[in-house]
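All remarks here apply to the structure that follows.
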Amino acid sequence: MDVEVVAEIDRLPIDLLAHIFVLFSSFTDLAQASGVCKKWKQGVMESLAHRHNLSFENRKMDDESTARLVYHAYNLTKLDMYIVVEMLGPRSRWDCQITDAGLLRISFAKCVSNLTSISLWGLTGITDEGVVQLISRTRSLQHLNVGGTFITDESLFAIARSCPKLETISLWSCCHVTESGLLALVDKCQKLKSMNVWGTRVPQDCFNNLLIISPALQLIL
């Protein structure tokens with residue numbers, strides 16, 4: 001009986017399998033499906049090529065698994081990578097396993113030049129090294145969230161150089177950026193409409209100077 005069932009499933013064409021797997025929201029389920037047989041693995045890989053959005057929100061992803069998925073998502077335009085926050089009584093643990101090594105690998109994926117939205121929110125394992133490498137290849141980027149990371153002006157200078165289409169950016173609690181980086185960002189990214197600078201620890205005069213450069217800029221303080 002089991003042999004007959006497997007045979008029936010095996011008759012499904014690859015494109016139909018891929019369409020089914022596109023509907024999967026759980027990457028755990030996709031991983032399990034890819035382990036069923038070679039045909040299912042091919043279907044999973046082809047399903048990634050049809051995805052325009054990938055979100056790892058509240059999933060424990062590491063460098064290898066994240067890069068592998070992004071590599072096969074050729075048509076990706078939106079990439080959201082969130083940390084997992086585990087509440088431990090009055091304290092919380094930020095379970096981040098994505099590092100600069102992961103961002104480096106992702107930066108060579110075919111989809112990167114077409115990405116319009118990236119969220120690296122709360123990825124405490126990344127630094128300027130990984131962010132600069134990734135951002136330098138994202139010429140189509142319009143929306144960027146690097147809130148809760150430890151980036152410095154080095155990343156902001158890279159964003160200013162590489163992202164002429166940038167419209168929104170979140171620097172929530174990026175306490176290591178300074179006025180120099182913010183001024184460069186607003187000066188070069190002339191399409192910038194909104195910037196979250198809550199918790200950046202820069203003086204009020206800096207915000208006034210940003211608005212002199214771009215009076216229509218919305219600052220979220």
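Note: Cβ is positioned from N, Cα and C throughout, glycine not excepted.
Annotation source TrEMBL lists domain 'F-box' at 9-51. Taken from TrEMBL, the feature domain 'F-box/LRR-repeat protein 15-like leucin rich repeat' applies to 105-188.
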Whole-number mean of pLDDT values that fall within the domain 'F-box' (9-51): 82
Looking only at the domain 'F-box' (9-51), what are its DSSP counts of helix, strand and coil residues? 31 helix, 0 strand, 12 coil
